[in-house]
Amino acid sequence: MADPQATNGTGAACAERDASDVGDVSDVGDARDEGAGRVVAVRGAVVDVAFDGGALPALNEALTIPVDGASPILAEVHAHLSDAAVRALALGPTGGLRRGAAVRATGGPIRVPVGDAVLGRLLSVTGAPGDDGAALAADVERRPIHRGAPPLAEQKSANALFATGIKVIDLLAPLAQGGKAAMFGGAGVGKTVLVMELIHAMVERYRGISVFAGIGERSREGHEMLLDMRGSGVLGRTVLVYGQMNEPPGARWRVPLTALAIAEYFRDERAQNVLLLMDNVFRFVQAGAEVSGLLGRLPSRVGYQPTLASEVAALQERIASVEGAAVTAIEAVYVPADDFTDPAVTAIAAHVDSMVVLSRAMAAEGMYPAIDPVASSSILLDPLVVGEAHVEVAIEVRRVIEHYRELQDVIALLGIDELGADDRRLVGRARRLQRFLTQPFAVTEAFTGQAGASVEIADTIAGCRAILRGDCDDWRESSLYMVGTLDDARRKEAAAREADARREAAAAASVAGPGTTSGTTSDPASGSAEPQGARHGR
C-alpha cells in the first residue's frame, strides 16, 4: 500500500499539469449556493469537509476547493461522516491545502468533454487537455463519468469476428466485435506493444473511433504513444485519456470512467463503432486498493479492497454494445509475479470473452508476439461463428504444440534422436508452427528494420494446415520465423537454398584438393552456426 503522503504529487510536472486544469475544474458542474462548506481535515489525498447548512452533497458528487496561488483542487465525495460532514478524495495534489479552506459542491458528478472536440487530443481524468493543443471551447458538450450500463433489452450480444491481422490471435483466440478481450502477462512480455499494434491495425482496418485509457502507466510510455500516433496519422480519430503513475490514486481510479464516458457518447449519440483500449486494468484495481486503504476500509485477500469484485464488475458491465453501434474493449492486464491465481487477475478474467495469455517462456525464446497458443482461449472459437475448418485447424495446432511441450523434458535429457519417428515428426511440425505464428509488427518497424505484416485469417489457416500436413517438413525453421503468409516463408526458404547453393559452389571452386568437411553448417536465414543434427529435421 502506498504511503498516503506520497500521493500529494507536489512535483513541478504535476503543478504544470494542474495549472492547465483550472477551466475544467470550474466546469465539472453548476455550483449551488447552498453547497458551501469548509475543509476540517486533510490526510494526504483524503479531505474531510463540513457543511454548516443545507443538504450534504451526494456520493460521487464533485467538490471544488480553491487554493491560494494554485489551481482549484477537484475532489469526489466517498462517504457521509455525519449529518454535516463528508469525506472526499482529491483527484489532484493537495499541496497547499489548509483547514478552513472554502469548498463548493458542484451539484453533480465529474463531467468531461465529449464529441469531435476531443478527437486527436490527450486529456486528464477531469477532461483537461494534456497536450500542446489549444484549450477546449467553453461550450463543448460534457457528460458525467458515472452512469449505468444500458438496459439488458437494449444490449446486443457479441458474435461477429473482429479480425486483427495478428495470426496467433485470429487463429487461436479470436476477438469479438462488441466484446471484451484481455491481454494477460507479467512485466516485460509485450502487453503494451501488442495493444499499440492493435490500435494501429484497428484504425487502418475499421476506420472507427479509438479511445485509449492509460491507467497508472509510465509517463514516458504515454508520451511515446502520443508521438507514434501523430507520426502514423491515426491520432485524428483517437482520444487519449491518461492518469499516469505519478498521479494520486483517485485520478488513476477514475480514468477508465472518463474514457468510458467518451466512448459511450460516440456509441449512443453518433452510432459509431468504438475501440476502447485500456492499459493497464490491473493499475485500476491497484488504485482502488489504495483508495480503500485511504478511506479506512479493512483489506481483503492479498491486501486488495473488499469491494474488488463489485468495482471490476461495475467497470466491465458498462462496456456494452447496442443496436447499430459496438464498443469493443481490449484490455492489458499486468499479472503480478506471473501469478494467474491473483484475485485481481481472476476477477478481471471472469468478464472477458477472449483471453490472450502472454508467456515469459515464449518471450525468452524470441517468439514474438509472446502469446501462449495453449493457454489463450476465446468463446468465439466455435464452428457456428468461425466455421468448421477454422476450429479444426486451431484444435490440431494446440494439440501438436501441447504434445511437443510434454516431450521437451525427454528431449532435454535424452535428445531428440531417442524419440520415435512419429514423435520426431510431430516435434518438427510443432517448432515450425511456433515460428510461423510469430509476426513482425508495424509499431516495432523503427527498431527491427522489418516491415510489419497484417495477415488475413484465411492465409493463417492455410499456412497452419500446410505445416500440419507436412508440406514444410524439409524447410528450415528459420524460414518460417517472423514472416506474414506461407508464401513469404516459401520465398525466404527459396532464397536461403539459393544462397546455400552459391556458397557450396564457391567453396568447391576454392578447394585445391579433395573437399573437406566441416562439423558445422551455417543457417543463412538466422546468421548463426549450429551443429549438424541440431535442427530437428530442418
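Glycine too: its Cβ is placed from the backbone N, Cα and C atoms.
If you check Swiss-Prot, you get these features:
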- 1-10: compositional bias 'Polar residues' (COMPBIAS)
- 1-30: region 'Disordered' (REGION)
- Gly185, Gly186, Ala187, Gly188, Val189, Gly190, Lys191, Thr192: ATP binding site (BINDING)
- 494-505: compositional bias 'Basic and acidic residues' (COMPBIAS)
- 494-538: region 'Disordered' (REGION)
- 506-529: compositional bias 'Low complexity' (COMPBIAS)
* Reduced DSSP assignment, Ala187 (ATP binding site) -> coil
* Asked: Given the binding-site residues Gly186, Gly190, which one has the fewest other C-beta atoms within 10 angstroms of its C-beta?
  -> Gly186
* Given the binding-site residues Ala187, Val189, which one is most crowded in terms of C-beta atoms within 10 angstroms? -> Val189
* **Cβ atoms near Gly185 (ATP binding site) (within 10 Å, other residues, all chains)** => 27
* Return the residues near Gly188 (ATP binding site), defined as same-chain residues 6+ apart in sequence whose C-beta is under 8 angstroms from its C-beta, sorted by sequence, else 'none'. => Ala363
* Sparsest-packed among the binding-site residues, when each Cβ's other Cβ atoms within 10 Å are tallied, from Lys191, Thr192 -> Thr192
* Residues flanking the ATP site, with Cβ no more than 8 Å from the Cβ centroid of Gly185, Gly186, Ala187, Gly188, Val189, Gly190, Lys191, Thr192 and excluding those residues themselves -> Tyr334, Leu358, Ala363, Ala370
